[in-house]
Structure formats: C-alpha cells, structure tokens
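Participant: Below is a structure I'd like to ask you about.
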Amino acid sequence: MGNSKSGALSKEILEELQLNTKFTEEELCSWYQSFLKECPSGRITKQEFQSIYSKFFPEADPKAYAQHVFRSFDANSDGTLDFKEYVIALHMTSAGKTNQKLEWAFSLYDVDGNGAISKSEVLEIVMAIFKMISPEDVKQLPEDENTPEKRAEKIWGFFGKKDDDKLTEEEFIEGTLANKEILRLIQFEPRKVKEKLKEKKP
C-alpha cells in the first residue's frame, strides 16, 4: 500500500474497495482513520486484529475465530494485513457474494492449507464459532446441533463423507450451494456480524 502512512486513502484503493464491498466512501474513510490510529504502520498484526474483533463481541470470546479469519486473509503469510485485506476480511465475514464467501469459507476451514478439509478441521472451526455464541443463543439451538461436536457431525453428514475422508473445494462449494442448511451451519451468523459492524465502527 503506497500511501499507508498518509492520512488519506488512495483513490485506487477506495474505488477498489467500494467495488468489492458494499461499504460507502464515508465509512471506508472513517475506518481508515481509525485503522491508522490503531496501527500507525499501516499494517495490522494478528494480535491487533483479535483485539479489534473482540470489541465487536464483548460478550463472547472471538479470539480463536478471529485467528482463523486472520489466517485465511493473510495471503502471503507474513503475519500482517494491510487496510485493504482488513476491510475485505470484515466484508467477507459479514456480507460477501455467495461464491466469493464460499471460497473464503473453504480457506477458513482448510486450517492446514493443504487444499482439502478434514472432519477434524470442521470441528476446530465450529468450536471457534461456538465461542462466539452466547449461552442463551446456544440454548435455542436444535438438539442435534447444540454442541460443536454435534454440529460438525451434522455438517460432515450432509456431505456424505466418512470420518477419515477429505472434502475438496469444489465439493465444499457445490454441496453448500445445493443445501442452504449447510450454509447456515458452516458460518457464524453473518447477520449478527453485520449488526455489530453497523453499531460499532472499528
């Protein structure tokens, strides 16, 4: 990011972000100012990202989930995100287009980055999601998905996989597009994330 340390967001990045997200110019500029206050270097570390994410969910423990979100957007694995990657991360976890979102969801669940998802990786992400759900909301969940183990079992069952099978990106996206129930189960309710983003700018 050429002008990451200056006070204004470059026109190119602003236009690209408006094109790829639903955020307004005003929102993006005000977020950029906040971003520079929190991260004067123009880059955000995993710890800083977790800390900002925690502000959105004061009643929950989003650290594990935030860590996985961070990993999935740190394309060059350098341990930092720039403002563009940061905004796209917030957008994808709250609003992104279905296909884009599913590609991202695959990378979120592919914890070891080997291009396939195992049942244990599904459980790891679902456990992180459960830490984001309040105990009251957990009580409202159906009996067959009210623990991380049950929910992971249900997701894996929808794909018709054996315990030691792997799931490719194509299978993951096709299966999820074909079954709205899987889509609901694999994500932390984006509506809630969206509400939080509107309530509290980073």
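Using N, Cα and C of the backbone, Cβ positions are placed for all residues, glycine too.
Sharing the feature lines straight out of Swiss-Prot:
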type: LIPID; residues: G2; note: N-myristoyl glycine
type: MOD_RES; residues: C39; note: cysteine sulfenic acid (-SOH)
type: DOMAIN; residues: 41-59; note: domain 'EF-hand 1'
type: DOMAIN; residues: 61-96; note: domain 'EF-hand 2'
type: BINDING; residues: D74, N76, D78, T80, E85; note: Ca(2+) 1 binding site
type: DOMAIN; residues: 97-132; note: domain 'EF-hand 3'
type: BINDING; residues: D110, D112, N114, E121; note: Ca(2+) 2 binding site
type: DOMAIN; residues: 147-182; note: domain 'EF-hand 4'
type: REGION; residues: 189-192; note: region 'Interaction with GRK1'
type: SITE; residues: K192; note: site 'Interaction with GRK1'
Participant: Beyond the listed site residues D74, N76, D78, T80, E85, identify every same-chain residue whose Cβ lies within 8 Å of the center of their Cβ atoms for the Ca(2+) 1 site.
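Facilitator: So the extra residues in range turn out to be R43, F73, A75, S77, G79, L81, D82.
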Participant: Determine, using Cα-Cα distances only, which of these recorded positions is closest to E85 (Ca(2+) 1 binding site): C39, D110, N114, E121.
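Facilitator: Nearest candidate: C39.
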Participant: Cα distance, D78 (Ca(2+) 1 binding site) to N114 (Ca(2+) 2 binding site), nearest Å?
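Facilitator: Roughly 18 Å, rounded to the nearest whole number.
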Participant: When you scan the chain for residues with a C-beta under 8 Å from the domain 'EF-hand 4' (147-182), skipping those not six or more beyond its ends, what do you find?
Facilitator: 98-99, 102-103, 105-106, 109-110, 115-119, 122-123, 126-127, 129-130
Participant: So what's near the domain 'EF-hand 3' (97-132) in sequence-distant terms, Cβ-Cβ under 8 Å and 6+ beyond its ends?
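Facilitator: For the domain 'EF-hand 3' (97-132), the far contacts come to 57, 60-65, 67-69, 71-72, 138, 147-149, 151-152, 155-156, 161, 163-169, 172-173, 176-177, 186-188.
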Participant: Does D74 (Ca(2+) 1 binding site) have same-chain partners at least 6 apart in sequence with Cβ under 8 Å from its own Cβ, and which are they?
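Facilitator: The answer is K46, T80, L81, E85.
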Participant: Out of these binding-site residues, E85, D112, E121, which one has the fewest other C-beta atoms within 10 Å of its own C-beta?
Facilitator: D112
Participant: For a quick check of packing: other C-beta atoms within 10 Å of the C-beta of N76 (Ca(2+) 1 binding site), how many?
Facilitator: 7
Participant: With the Ca(2+) 2 site defined by D110, D112, N114, E121, which remaining residues of that chain have Cβ atoms positioned within 8 Å of the Cβ centroid?
Facilitator: Y109, V111, G113, G115, A116, I117, S118
Participant: Using a Cβ cut-off under 8 Å and a sequence separation of 6 or more, which residues in the same chain sit near the residue listed as 'cysteine sulfenic acid (-SOH)'?
Facilitator: T45, E48
Participant: Round to a whole number and give the Cα-to-Cα distance in Å for the pair E121 (Ca(2+) 2 binding site) and D78 (Ca(2+) 1 binding site).
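Facilitator: For E121 (Ca(2+) 2 binding site) versus D78 (Ca(2+) 1 binding site), the Cα atoms are 22 Å apart.
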Participant: So what pLDDT does the region 'Interaction with GRK1' (189-192) average out to?
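Facilitator: Residues in the region 'Interaction with GRK1' (189-192) carry a mean pLDDT of 51 in this prediction.
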Participant: Write out how many residues of the domain 'EF-hand 2' (61-96) are helix, how many strand and how many coil, based on DSSP.
Facilitator: 21 helix, 3 strand, 12 coil
